[in-house]
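One structure below.
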């Protein structure tokens, strides 16, 4: 490996991929820390899905992005052995499939919460089982990777090795496998999620019209209050944004690769274009944490906000603190202040916290 022979295009790709790795690592570690520090009473079903998405994106960062960077640096040469080749490509599909399956499960959970708010209330144990099934299915569908990819010699460079898909015995097998892969990673999930979100939007619009009409007569149905709650609508917007980013990032790569496979060699993706498409698909893992932060930048129970508040007030002496505590009639922590304020605001705005709101 010689750094002096690197082209400008290669330097740019390595720099961009390194930046994506850093952003993905920082963002998803922050999300995992943020959600892991939440108290149980403040955790919601959506938090469990976001937490597992962050874990999946972090795995993509450690496995897929780093392996792509490794291949870029070493000019597509694989020096880690056959076992590492198989495991790397296996974990890549596991993380992509798990992200897709969790997105589908999250969409269905939002569909149930909006369209059937009083029919069923899922416990956290059931949500965890659903997420475990998503991960289990992703481990199962990725098994063919262990037989397809292996370390092999370059055709024109017999002294160097690559990690390539040499397990196919016929071209139709490659087409069939990638078509199935595209179906369970992109096509079928997009169809299901589109149908569910259309029904969600239709239900919210219908509920809003009903709420507006009944508000004049001061006869608002309980289900309409559930459906039109700002918190529930915000979680739907968050989930929709994550799904849209996923579809936009992965669709170009999937479509062009399918065209290349079915063109019988007539269409070939240029190397620079293939690099751009792969980079776009990887950007999705770095955007998810910032989407969550953008929708929750004012959340009162953020551990980082509590730590910042604690460090800001640490310069006060114990005497001043004791004096303030005596004036208030007792000691009050930062968390209890936030909880008291939140309960008052919730009770004042809605007349009491309903059971459905606690399952958002």
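Keep in mind that glycine also has a Cβ here, set from the backbone N, Cα and C atoms.
Bear in mind that TrEMBL entries carry predicted annotations, made automatically and left uncurated.
Copied from TrEMBL, the annotated features are:
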TRANSMEM  12-33  transmembrane segment
DOMAIN    27-292  domain 'G-protein coupled receptors family 1 profile'
TRANSMEM  45-67  transmembrane segment
TRANSMEM  87-108  transmembrane segment
TRANSMEM  129-149  transmembrane segment
TRANSMEM  176-198  transmembrane segment
TRANSMEM  238-256  transmembrane segment
TRANSMEM  276-295  transmembrane segment
COMPBIAS  316-325  compositional bias 'Basic residues'
REGION    316-360  region 'Disordered'
Practice task
Return yes if the transmembrane segment (45-67) and the transmembrane segment (276-295) have at least 3 CB pairs under 8 Å (sequence gap of 6 or more), otherwise no.
Solution key: yes
Practice task
Tell me, roughly as an integer, the mean pLDDT over the domain 'G-protein coupled receptors family 1 profile' (27-292).
Solution key: 83
Exercise for the section: Go through the chain and flag residues at least 6 beyond the ends of the transmembrane segment (12-33) whose CB is under 8 A from any CB in it; none is fine as an answer. Expected result: 6, 50-51, 54-55, 57-58, 60-61, 65-66, 68-69, 72-73, 275, 279, 282-283, 285-286, 288-290, 292-293, 303-304
